[in-house]
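Following: one structure in C-alpha cells, then a few remarks.
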Amino acid sequence: MLNRRTSLLHTFICVTATALLVAGCSSYIYAQDASRKAETQPTSQSEVSSADMSANSSVSVLQNGTHTGTDEPKNETQTGTDASQAATSGTEAATSGTEAATNGTQAGTNGTKAATSGTQTATSGTQASTNGTQTGKNGTQASTNETQTGTNGTQASTNGTQATTNGTQTETNSTESDKTNQTAGGGAHEPQPPSSSEPPPLLSIFFVNDLQYDIFPIHPENGSFCTTDQEGQNCVGGLPSLKSYMNDACINNTRCLWLNAGNTLGGDFFRTLKFETALHAMQLLNFSATAVGPNVLKYGGEAGRSYIDALNETVVVSNIEPSPPHKSITFPVGSCNVSVIGYLENSELDADIHGVSVKNYTQSIIGEIERIHKEQNASNLITVVIGSSSINKSRALASIDGVDFVFFSGANLSEGAEPNNKDKQNNSQYVFWETVDKKSANKTATAYVASLRVNHSSSVAGRFIIGQMQLPIANSCRVANASFKAFDYVNSTADKRALDLIKLELRILQKQNESLTKNNKNLTAERDLCCHSECSLGNLITDAMVAALQGDGTWSKNGTRIGMYPAKYLKPNSTIPEGNLTELDIYGLIENDAYIYSVLLTGQQLKDTLEISINSINNSNSTDFLHVSGFLQIEYRQEPKNSSKIAAIKTVSAASASMLLSKINVSDATAFYNVSVPLTLLKMDSYKKLVGALNASFHLVTTVEAVTSYINSTVILPLPAVGGRLVLLESSPVLPPLVPCKDHTATIVIVTLIVAALVVGLVYGIWRYVFRRYRPRSGSALHMISLD
C-alpha cells in the first residue's frame, strides 16, 4: 500500500514538474515573440517633409548642442536610424520607444511587467531597470555622456544654412551675426508646440520683385531671347524655370509663403504686349500675395483695374478707390497669423488717372493695420507690407507701429545702395536688407526691409533671382533673428505648363513682325505736316479708331462717327518705306500707344474742342492740333469772326440712312455726339474738359491695335485722301493797287518786226527747199488747149 501511495506521489510530482516546465518554456517563448514584434513597430515620431527631394534630404547635422528630443542632452553627438538609440554606460537598444537594458534586464508587454529573478520586460516606451534605471518616451531619452545615433526625423542645421533643390544658392551667410542654432532646409514638420529643447519652427517667405516682364527664357551666352522655331537651343531662366522652382520649394511645408513685391509690368514687352501676357503668367505662378507697381496705371485706371480684378485672389492694394477685393490677406502659420498688406505709391503717378483714385498709402496702411488688429489677436500677428517705393520710403513704412517686414520693389538698387552700418556685413550684391529699430510706449521692436538687386541688363548673373527670408517663430510670434538669402533659378527644369504658355506668347511676338499689308508709298509722320495740319497718317489712325468701335454699340441712337487723335503723339520724321507693313512698324510711328475711350459731347463742347485744334494750324509753337475722322468736316476761316474761326461742323449721323454730311446745331444742348479719343488726349492740359464729359466709356482696345485690325485684311494699304476734313473758306479777293507801267512801245515794235521777219524767212525756206518738186520748172510754159 505504501509502495502504491509512493508511486502515485512520484507520478504527481513528475506530472506537476512537467507542467511547470512546459509553462515556463511557453512564457519564455511568448516573451521573446512579443519583444520581436515590438522591435518591428514603426516609429511614432512626427513625419518629416521631403521638400529637399533627395535621399539625404531629411538628414541634418546638429551642432552646438542643438537637439530635437524632449529633454536637453549634454555633450552629445547624435546619429541614428529610425529613432533607434544605442547608449553606453547604461547601454540601451530602443525601437519606437522600446528599450532593453542590461544590469536589470527588462521584458514586458504593453507596460505590464513580468519579472523572474530580477528580469523584466517593457514596451510602449515604459521600462524599469536595475543598476541603470532609465525612462524613455517614443524613442526620446535623457542621458549624460552618451553616444546616440538617429536619422530620419533628425534635422540638420548650422547657423541657418539651407540646402536647395532644383536651384543654385546665390549667396550664403546672410544671417545676422547674433543668430546661432537655426534650423533650415527644404522640409518642415507639421505644426506642433515645440518643447523647450527644440529649435523654434521657421517661417519661410520667398519673394520676388521687379520682374519687369522678364519672363521669356534666354540664351545664356548672349542674353538674347529664345524662340520657338529653334530646335535644341540652350535656353535658361524665365517663367518656366521660376514656376518649377516655386513648385519644389514649398512641398509639404506649411510655413511657406510666396510674395511678389510688385513692378511686374514694364520694359519694351509691356509696350507691345500690354497686360494680357503678364496676366496669364501671374495666374500660372499663383503667388500667395501680389503687389502692383505704378506701371499698372500707365495706360489708365480702367486698364489697370482690369488687370487687378483678374488677379483678385492674390493682388493686395490698400490705397486705391474703387477698392479691390483685397487690401490685405491673412495666412495662418503654425500658432501665428501673417497678414500681408499691399500699397501703390501715389507720388510717382500722373495726377490725371482716369477711372481710379489713389489715396495716401501711409494712412491707408495704418488704417488697414488697425482694422486687422480689431479682428485678429495682435499678440500672434506678423505684419508684412509689399509694394513699390524707394529705400527711404520703405524704411519709413517699416517704422510704423505694427509693421514687421517691408518687401519693396521699384528702387534703383543697382547703383550700389547700401544698408545701415550694422547690417552691411550680411548684405551682398544680390539682396538688400536691413533692420529698422523702433520704440513705442510699451516696447522696443525690430522690423526689416528687403529687396532683390535684379539686373535685367545681365545675360544671366543677377537676372533670374529669388529672395528668401527665414524667421524663427515660437508661441510668442516675436519677430527677431530673421535671415535673408538669394537664389537663382537659371537652371531649374522647365515647367511644362509654363513652357507651353511661353511658346504661345512668343508666337504673338513673332506675329507682330509679320507683314500686315503692302503700302505703295512712304508712310510718314512729317513734322511740318502731321503736327499742324491734316495728313494721311492722321486720317488713317482716326478712321481706324472709329472702325474699331463699330461692334460695341457706340454707333447707336444719336451717336456719330467721330474720332479725334492728337498730333502730339505721332513720332515726327518717322517713316515706313514702301513695301511690307508690320504691327511693329505702326508702333514706330506712334509715340505713346493708348487705350480708346468714347465720350459724349454736346455740340458746343465739340465746337470748343475743335476750336483749340484749329487755332494751332500752322502754328509751330502749339502742340494741340487734332486729326479727325472721315465722317467729320470742319469749315474754318483764316481770321476769327466773333472770336471763332470755325464756320460750321458737319458730320454723318449714324441714325441717318444716307452718307450726306449735315451741319451740327451747336446751340442744341440736348443733342450729344459720341466721340472716340485716346487716353492721351484726355490727359492733355488743353483738353481736360473732356475728362468731365458725360458717360465716358473705356474700351479694351488701343490705338495701335485698332490700326492693325483696320489694315489687316487689306492687300494694299488704303491711305485716306487728304483735304476733305479741314476746309479753309476763302475770303473775297481784294484788288491790288494800281501800279503805273513804264512806256516800252518802241521795244515792243522792234521785237515784233524781228519776230515777223523770222517767221516770213522760215516760211520761205520751207517753200523753197522742202516743196521744190511741187513747183513748176523755170522757163516752162502752160498752154491752154482749145476745145472748140
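Numbering starts at 1 and runs along the chain as it is shown here.
Any Cβ shown, glycine's included, is placed from N, Cα and C.
Where the annotation comes from TrEMBL, it is an automatic prediction and has not been curated.
Just so it is clear, the model here is predicted, and its values are computed rather than measured.
Features reported for this protein in TrEMBL:
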- 34-202: region 'Disordered' (REGION)
- 46-61: compositional bias 'Low complexity' (COMPBIAS)
- 83-175: compositional bias 'Low complexity' (COMPBIAS)
- 191-202: compositional bias 'Pro residues' (COMPBIAS)
- 499-526: coiled coil (COILED)
- 525-650: domain '5'-Nucleotidase C-terminal' (DOMAIN)
- 746-767: transmembrane segment (TRANSMEM)
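Proximity of distant same-chain residues to the coiled coil (499-526), defined by a Cβ-Cβ separation under 8 Å and at least 6 residues beyond the stretch ends, is recorded for 215-217, 225, 227-228, 238-240, 269, 272-273, 277, 280-281, 284, 535-537, 570-585, 589, 708, 711-712, 714-717, 719. Here the domain '5'-Nucleotidase C-terminal' (525-650) has, by DSSP, the following mix of helix, strand and coil residues: 41 helix, 42 strand, 43 coil. Here the coiled coil (499-526) returns a mean pLDDT of 87 for the predicted model.
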